[in-house]
Structure formats: C-alpha cells, structure tokens
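*Asks:* For reference, TrEMBL lists these features for the protein:
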ACT_SITE  A:Glu269  active site, proton donor/acceptor
BINDING   A:His268, A:His272, A:Glu298  Zn(2+) binding site
2 protein chains.
Amino acid sequence: MSTVQTELQPIEQKFMDYVKEITQLGEAIGLMGWDLRTYAPKKGVEGRSEVIATLSSKIHEMQTSDQMKEYIDTLKGQTDHEIVQKSVEECEKDYNQARKIPTAEFKEYVALQSKAESVWEEAKDKNDFEMFKPYLEKMVEFNKRFAEYWGYEKHIYNALLDNFEPGVTVDVLDEVFPAVRKSLTELLQKIQNSSVEVDASVLTGHFPKEQQQAFSLEILKRMGYDFDAGRLDETVHPFATGLNQGDVRVTTKYDESDFRTAVFGTIHEGGHALYEQNISSELAYTALQGGTSMGIHESQSLFWENFVSRTKAFWQNHYDLFLEHAPESFKEVSFEDFFAAVNEVKPSFIRIEADELTYCLHIMIRYELEKALISGEIEVGDLPELWNDKMEEYLGVRPTSNKVGVLQDVHWAGGMFGYFPSYALGYMYAAQFHNTMKSEIDVEGSIEKGDFTVIKNWLTENIHKYGKSKKPLEILEDVTGEKLNANHLVQHLSDKYSKVYQF
Amino acid sequence: MSTVQTELQPIEQKFMDYVKEITQLGEAIGLMGWDLRTYAPKKGVEGRSEVIATLSSKIHEMQTSDQMKEYIDTLKGQTDHEIVQKSVEECEKDYNQARKIPTAEFKEYVALQSKAESVWEEAKDKNDFEMFKPYLEKMVEFNKRFAEYWGYEKHIYNALLDNFEPGVTVDVLDEVFPAVRKSLTELLQKIQNSSVEVDASVLTGHFPKEQQQAFSLEILKRMGYDFDAGRLDETVHPFATGLNQGDVRVTTKYDESDFRTAVFGTIHEGGHALYEQNISSELAYTALQGGTSMGIHESQSLFWENFVSRTKAFWQNHYDLFLEHAPESFKEVSFEDFFAAVNEVKPSFIRIEADELTYCLHIMIRYELEKALISGEIEVGDLPELWNDKMEEYLGVRPTSNKVGVLQDVHWAGGMFGYFPSYALGYMYAAQFHNTMKSEIDVEGSIEKGDFTVIKNWLTENIHKYGKSKKPLEILEDVTGEKLNANHLVQHLSDKYSKVYQF
C-alpha cells in the first residue's frame, strides 16, 4: 500500500478488530486442515472435521451478521484509510454473496456438497458415472440458482467466475481461449510430427525419499522461501497454506519411482508460499491478507515451476546439485537427455499429470463444458460423451473410461464451477509477468547463477506485497501494461518446444 | 456411566450442543498448542498465540454467558439424565469461578500472568530473584483475592487446591504429608547409609535418537497406546494432550547422552494418554470428557512409569529388547547394574530430575511454602532462604543458587498455586491403585510376560472410562475402598529400595 495511513478512528478500529477475529478463526481452521492432511491420526478425523465445521459457521455468522452490516453501512466510502476502505469492500462482497442465499438453501447445499464429494469418490473408484449423476445434477442446479441470486451481467456463468477471478468474464475468456487452443493444438501437432524422441523413462529410476527431500529443501531455500516462517511436510495431495504471514507451509509427495512429483511439486507449492510470505505486513489479519485470486496465485506457482525450474538455465546451474542427491544410476543420464525428459510433451487423460503444453487444453475442455452446463445448453447426462469427444479433438486421445475422463476431478462434486479457468489464467498471467520481468531485470542470468533474489524481489514488489489490495486484472495491467494477452504464453511454449523438439 | 440414559429433552440437547461447542473451541486451541510446541515455525508464533487468546476468550464468554446461566438454572437438579446433570454441575463450577472475579481484575491478571512468566524466564537465566520478586508478589496477591472471591472452608488455600484436586483440602494433606515426609527421609537415610554403590553412569553412553525412538514406540505399543488415535512427536518440554478421544498425542525429548529422558518420559506421557484414549465415548464432547483431576491424571502416568517400567519384572522381560535397540557399548552393562542404575536415588536440586523417592520431598517443600504464602504466614522475600533451608532439612542438599532453587519452576509465575500437591497425590493414588490391582489381577505376572492388556483393561474399567463423571476421591474410594492413604506408597518404596540398596 502506498498511501500514508492516518490513525484509525474508534469505529474503524472496532471494524478491523472484528475482521481480525474472522481471520483468526480462519487461521485455526487452516491449521486443523493442514494437520488433517499431514499428521492427524485417523480416529480423530471425524471429531476434528466437526470442529472445522463449527468454526466455519462462526465465520459465516460473523460475515453475515447485523454487526457486519452496520460496519459496512457506516464505513463504506466514509473512511480515509485505504486498508479500511478496501477491507470494507471485501467484507461487503462476502456479506452480499452469503446473504443473498436463503439460509435453509445454503445449509442444504453444504450438506449436499460433502455428500456429493463422497459419492464422487466412490463413483470414481467404481468408474460409475450414473452413480454420481444425480448429485452432480443437484450441484449444477444449486449453482444456477445461486448465480441468479447473486446476479450477473450478460452471462450467468460470470456470477460463478467472479467468485474465483473477480473481473474476468466469459467475454474475456471467449476472446482469448479459442485462439490459444488453436495455437496449442498446432504446436502439439508439430511436436508429434517431430523426429526427436524424448525418453522420459530416464527419469523414473528409484530415487529414495530422503534424497528427494534434501534436494527439494535446497531448492526451496534457494528460491528464498523462509524456513523461519514455514516448513515442508509430506501429504497425499500437495498444497501450500498460509496460516499467518509468519507461518506459510508447503507440503509435497514423494514418489520414489518418479522424483518429478516431489521436485516440481515442491517448487510449484513453493511459488504459492512465496506469495503468502511476502504480502505486506500491514495487511496481516485484515480482509486483504491473502493472495488476490486463484489465477494470480497460480501464476506464482507456475512462474517458478515453468519459467524457472523447467528452463535450461535452471538445470545448467542445478544439474550437478541434482546429481549429488540422485542415486548412482542417474549419473549416466546426460544433461541433454535429462533436460528434454523433464520437458516431454505427451497428451494423456489426467489433468494433474499433464505437461506444460497440454495442461491448458485440459482446462479449456472443463471451461467449455461447465459454462454450457450452467447456461443450460447441455445436460449432466451429456458430459461423458462430450468430454471424451473434446479430449479426442484437442488432445488426440480418447479416455478409455469415465474414471480417467469426466470423473477425474473433485471440483464439480464440491460445487466449484468457475474455478477451472483460473488454472489457465495462471499460465497466461505467468507468461505476461515473465515477459515484463525480462525487460526489467536479467531473469535468465539470475537463473543461470542460481541466485533468485532479484526474481523474488521483483515478484514481491510487483505482485506479492499487495495481497488483496489490488484486484487480479488491476495487478496484471499495472505490472505489464497489458490486458489479458495469451500471446506471451504461446510464444514461451513455442520457443521452448521448438528447441526441445527441434522444429 | 452405568445408568441407562433416556433420550434428551430439547432444552437438554441445546445445553449439550452449547457445551459441545465449548469443547470444540478447546480442541482447536489444543491443536494450536501442540503445534506451537512441535512444528510451528518461529515467525508464526506471535500471531498464533493471539489466535489462541481470541479462542480462549470465546470459551470464557460462553462459560460465563447469561445463556449458560439460564441452562444451569433450568437444568440443575431438573434432569434425569446423569451426563447432563453432571455436565451442568461442571459448568456451574466454571461459571461461578469465573463470574466471581470482576472482569477488569481478571484481565489484569491474565496480562500479568504472561508478563510474570517471561520475567521469570529471564530472572531464572540470570539467577536474579529480586527481578522476579515484585511479579511473584502480585501473583500471590491476586490469588489471595481470588480465593476470597471464591470462598472456602477453614483454610484460604483450600480455595486454590479445589481448582486442581476437587475435594482435597489442607486438612487431608496435613494429615498425610508430614508422616510421608518422615518415612521418606528415614528411607533416604537408609539408602545413604547403604554400602551398595549404584553407578548410573553406565546409562549415559551415546544413544542415537532414532534408536531411542524405535524403542519408545515399541513400548508405547505394548502399553496398548492406540496409534490410530494418537502419535509420538518431539518437543522441548514433553507432554501428552487429548485433542479429542480419537486424537491423543504424546510428545517426548531425546537426550542422546541419557536415554532415560525419552524412555521413561514417553512411558510417563503414555500413561496420561492411555487415560484420555479410554474415557467412555459417550462422554466425548461433553463437560465430562477429560481426566477428572491433575492428581488422578498423574497417578496414571506414574503408575506406568514407576509401577510398571521401573520394576524388575519389566526389565527382565524388556532388557533384551532394549539391548537390541541400544548401541554396542550398552551390551557390556549387566542386567543387575542396569536395573539398579535406573532406580538410583540421589538427592538433587531440581524437581523434574528427581528420582522416585525424593520427588515427593520436593513437592512437600513447595506445598508448605505456597500454603504459608497464601495464608500470609510468610512473605515472598522469605522464599529463597526458606526454600534452601527446607531442601537441606528434607533432602540434605542446599541449592547453590536460586536458579536451581526457588526459581526453577514456572508454576508460581503462572499463578498456579494449589497445583503442586497433585504431583504428590498422584504418587499416593498410584500406589493405592497398585495395591488394589494386585489383589484382583496378576500384575507382576503380566509385566513379566510383557503383556499389559489386563493392566490396561483394569485401569480403563476402574478409572479411565469415567472421565470427569466421578470426582478424584470418589474414584479413589470406589476403587480401593480407602481414603487417601500414603502407606502404600511408603511400602512400595521401602520394598523396592530395600532390594536395590540391600537394607
């Protein structure tokens, strides 16, 4: 925040204290969530989940209370204090989102959500879409109704998008996504026509967990991740979580037959964590304390993963360090083979296993389908077939079952419609940030030297420190001087793969 | 609970839900406390401590609310449901304790408490009693005033005792403690006159942490500690914590030059944990869900530590297992020398390092001094001299500084007057339980076989399952048919040491 802040008036202080309490409850929930996914013994899970539910409703009560309404009405536009003003706006948004949904309906929805997630899990295991279908139908119905309650301009799906990426609309996406899709599918074609054979099997030798961990920790440290304000633990589905600014934790997963899971996963989550660790301390425990959106958050993790750790410059500097930690067998892998292998492109069924190029295509399929579902152009029953058709069209592979097709992601079961685009936006934002960064500092030189300080500082100064005090597209435009522009992503991928696959 | 329970009336259900929410907030605080002492990065500590404070005041608000008063007034004596009735009684006690103290005074006290603890820490480091004195004086004053607010019969100190060991009074302690002291000092005399030389240095060879951990885990498992409902982690000051009945965690500390810290420490904390893991599930999330008192809790940890793991029967069975985990150098230590060494008696300055015999003498010194402080017979300024005099009189050693004398414990800085006696009571209760247990099951045979199932089941059936639904002296009398009786402790120590020291 750049303006000089005046001292708080009593009513402002009361409001900020009230908000602080909400964030504190959130911190307690955050720790319980981290614990459930790392260390909690299984018999404690049921009770702990109920505690999380109780604290979550306390937050909900506070966010939608008459007291909150009074603060909003009193302070909105009536405060000279920028943090207070923007906090009021955030709170008003939450207040409206929650109050517009009738309480009974919301309760029903929350109950359905957890039921739908558990049914989804079973349906996925059993490869049984029909089992999941009625639940998904209900989730779609609820989300359509909520979108109507919330209101929107032009397209109903905008109401949902706004929950995850404020300011981004169907118009924005529909201008950008199809062109990117076309470029990416062309690029994919070139790669598939290339005579270069990339052999990723050189990477899948046995790699003991302890050694993967030591290497991952070293890279996190070099990235500038502050271990006095965080830690690295093991989990099944890796995540980063900002409990408070001095406690931002990273988790990872070790696959002893594929070190990429842990190494690139840790760097990815480390990118999220750097964001949360470097938000301005004056935003701590305010409504502006977190990252500003899913998309900007993802741009940070993807920046480190794809624009730093999958580059030639990175591995030129770090391959010796890698070999020091790697088992003997890796020492026979040449640098060139290694580098090509970590950049292999290979269309596959599963999004979370996708490479840097095909990932966005996975996202576009989901975006197109969920937009059509919400607007009523298609039915839930159409999904499996449409999913597979699009996979075949965009990626050239047709899922052999719904388990590896439409049933693979939890998001829809949890009612998260409007979330998927953030992943693709993250790629595009990251490429745009990278493009600007290159014109201001010596990015490649910094990566070559293995000293990421200037990169980390650039990200902090331009993005991290603002927390939620700037909206995603505001940050994008302030930093890059451009609106959403996918050309930088296409250019980046094209540059990279034309070298790897020599076309 | 033995009676058949009827279904809850709506008002009873509401009350129980209200109490459940209090316990849930307590669970969140418990996890944050565990995390602060195990894994939390240091920069997150300040924020996390404030979250704990916020949730603690929420509990305090709920415990002292008009809503709570209404539940108590409506339900007290008006419910047929035993758990509800006893929960009401617990809540009433908390309500009265808290409401009798003026809010402003309580806030001042809480602030002083944390200040006094940090001053104590510095004063201890610097061996500077004068620095701590004004804070301790204030803590004593507050506690005297609180005792007056709460009210008491006969002796003002009873009001404080009742917070930790309901039902135990100065009359009870003064009947028992002096006789025990006399017996223990006589026993100590015999040990010191014995020609047997116990050489504890045989135990202090280097013992890698991992091996200590493996052995500790194995013993915990054999004790019947349920690892699906708990875990073992490392900390600086070991503790056990029951977050919920399915999540009761043990922590320990590894000293590589003295394995006793971890091994006996883990068994001790494991005894606390077994208590919390085996409370009847119908008491979960009620006001009766925890252990019934500090003293009964300590009796459980001490039972496992002293009546199981320091016995000859235990080591006869486990010495081979121990040697399997121990480094090569331990293999030259004979069983007899080992067993004597883990039962060495040696008067020393520090309570928490004391052996089984002298520990109670340390407690009695604290009891006598704090009772006299609270009743006004002595002043804070008299403490250092009196402390050292009593150490010399009871243990035959005079502390060489206040750091290893009156400044060694945090309790008084935290305002915990009335707590110390629970430690000695725990020893006495444990000996009484052991005495009864021996007449009902084959304790020694079970220990010899290394199968503790019957012991664990006996403790569950007689003690654990009741949670707070029985008061400490009620449990003691129901189980043993006796009131507090220290003879069993004296007998146990006399039997043990007459063998170790051959008198």
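Here the Cβ of each residue, glycine as well, is placed from N, Cα and C on the backbone.
Note: TrEMBL annotation is automatic and uncurated.
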*Asks:* Sequence gap of 6 or more, C-beta under 8 Å: which same-chain residues meet both conditions with respect to A:Glu298 (Zn(2+) binding site)?
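*Replies:* Listed in sequence order: A:Ser422, A:Tyr423, A:Leu425, A:Gly426, A:Tyr427, A:Tyr429, A:Ala430.
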*Asks:* Using the centroid of the Cβ atoms of A:His268, A:His272, A:Glu298 as reference, list every other same-chain residue with Cβ within 8 Å of it (recorded Zn(2+) site), in sequence order.
*Replies:* A:Ala240, A:Glu269, A:Gly271, A:His297, A:Gln300, A:Ser301, A:Leu302, A:Trp304, A:Glu305, A:Gly426
*Asks:* Sequence gap of 6 or more, C-beta under 8 Å: which same-chain residues meet both conditions with respect to A:Glu269 (active site, proton donor/acceptor)?
*Replies:* A:Pro238, A:Phe239, A:Ala240, A:Val250, A:Thr251, A:Thr252, A:Ser301
*Asks:* Which state, by DSSP, holds A:His268 (Zn(2+) binding site): helix, strand or coil?
*Replies:* helix
*Asks:* If you count Cβ atoms within 10 Å of the Cβ of A:His272 (Zn(2+) binding site), leaving out that atom itself, what do you get?
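*Replies:* I count 22 other Cβ atoms within 10 Å of it.
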*Asks:* For A:His268 (Zn(2+) binding site), list the number of other Cβ atoms lying within 10 Å of its Cβ atom.
*Replies:* 23
